[in-house]
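Residues annotated as coiled coil in TrEMBL: 100-127. The transmembrane segment feature in TrEMBL is assigned to 422-445, 466-484, 547-565, 585-602, 637-654, 755-776.
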């Protein structure tokens, strides 16, 4: 057996890649280039030799700060380009490679120019907004003044206005004369006009009313144009207001309230000729500012365009440089300060590629001293590395989400590729729904090259990453749907005629024997005549329940068999004899025997009650089975299997801890020098030398751990088998939901001779199918399949306490690393 297993060719993904620990001794002059070449290769994981140092105590912290500052500037340019609405060019302009120092200088110049342009543009926009607001206030306030003159204020003359923005205009004009400080107010009614944000008007009016005790008149009108905020570039709705009041105290209060609410006040002369003159001046200045703003925007966009054509290349360059210096900070200087010493892991197959990259770095840097690549032994466990592709990576991620495989232990992803989508399909089986999922998966795969380059949302990114999982899930769903003979819950005579016919007019309303067999069994899957019959639910429940037990026992056996392959690979005969063998005996003496009874009952058509057989196998194993006997010699076989199951429990529990203790004592007494490789010895770290005493073997801890493991397996054999019944439960729920939506929505609506009702029924059916059956039910079946793999399958052999191989690689850098 062992020789046969040794001759089996190695399987990709079955075991993680063999790793080696290496030390790099790199001359200072070639260190940067060497790390860069290793980043391009992406097959060396550096170990941080400066864990005890803070980031500010490391050697290359100044270079990291410079790169971080350049990243900040590049993000600033990217935000400005995005705000300006400039489209990114598909092809960057070719530019000769530049050094980091030159790039740093160029970025500083571009930033200074852009900040100055933004500052000037903001000032111009502020001036433009004030003039625009003034123009709108002049237009709206004149209507208020004319209205008040035509009523109770017609006999009074409004002589004074208040204007807060002193010194607004640079040249003398009637507007300045109107606002000249020291202009006196005559007694009588006064007013203040201005503009305020629409969202503040109600609170503003209330505050004015309370401050003046109601001695004011407040008029307002919405502005015809939206005002652009120069900082956020958002369009803001504003309202023009005119407040009539009397007295100097009221004027002071109103001005303070305007200031606190951020309202802008503007002077409005009552004289029509002055108003026209000021309006003309404002319009002229608005026109000049528009021309200046347009010229400034064109100049700013031109500056941004010159940056945008190189932005992607620059960001990638800075990102790489920062990653290189972060990695160099993980290395140590030797005592001479002329070499950097680094340590890390790499796959064995990559040693030659790494050495070639280091030799290139030595030649390209014109160093007179070569880089030394020195393999070493390491006390720590190596990282786990699986070489995956676009198809297998999603399944590996499903396994890694539970726990990363221990170094070189059997990888469940090899089997998850098939078992996961198949168990999903057992719960989701409907070939109509499966076709819908298949179309979605094919769309994602067809647009793979385009979607892989786009920035997707979290949900779409997850869906795109699992496109091949979705593909197999849909294919297996179609297969299981054909077995269940369900197309949106409707059966079809795809593979021929039914083997049965109804004795009565309707099978569902039959009061006699019901179905009558007329011809050979239906060639493939469930006979369509079962749909709608009186025994439909009982038949399908029995079928799916028994099928769930068979699939569960088969997958749990696979998990135990994989534990044997693990033990054999690590040369642990103790695990094989005292863990694998009793576990196989216990599981198959009970639930393997149940699976055998299910198959025999299907084959001979017996009416035996399997519940009764299994219960009385424990309660009264010697009693006669009577009509529940399925084959000759069943009762003595049950007694033997029951005894084997009882023997398997102490077999798992007691021998292993005592044997481990004996082997440990022999090791330190000189009788054997082989390292113990059993999985249970991982409770204690392997001693480095014989100086450690055998008292360090904690027998009580090992025994308690083995007892917990044994009890967990015994109870888990029962609970895990019951857990696989979720395959039956989810399949039944999916089928019943499909039937309800079809019969109670679509068929019911189609019974009306009304087009509107039919269309509404079709829309409701499509909505329920898409959002409930194709989304919620898919997610539910996915999560249950995930549970069956993580708990029921992987707990038989999978430790999952390793850590991933994370090499230094430029390909893995993202925008978040800036």
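In case you wondered, yes, glycine gets a Cβ from its N, Cα and C as well.
Because TrEMBL annotations are produced automatically, they should be read as predictions rather than curated entries.
Taking pairs at least six residues apart, the transmembrane segment (547-565) and the transmembrane segment (422-445) share three or more Cβ pairs below 8 Å and count as touching. By number of Cβ pairs under 8 Å, the transmembrane segment (422-445) is matched best by 466-484 from the list 466-484, 637-654, 755-776. Below 8 angstroms of C-beta separation, residues 390-391, 394-395, 398, 417-418, 420-422, 424-426, 428-438, 440-442, 444-445, 448, 494, 524-526, 540, 731, 735, 782 of the same chain, each at least six residues beyond the ends of the transmembrane segment (466-484), sit close to that stretch. For the coiled coil (100-127), the model's pLDDT averages out at 90.
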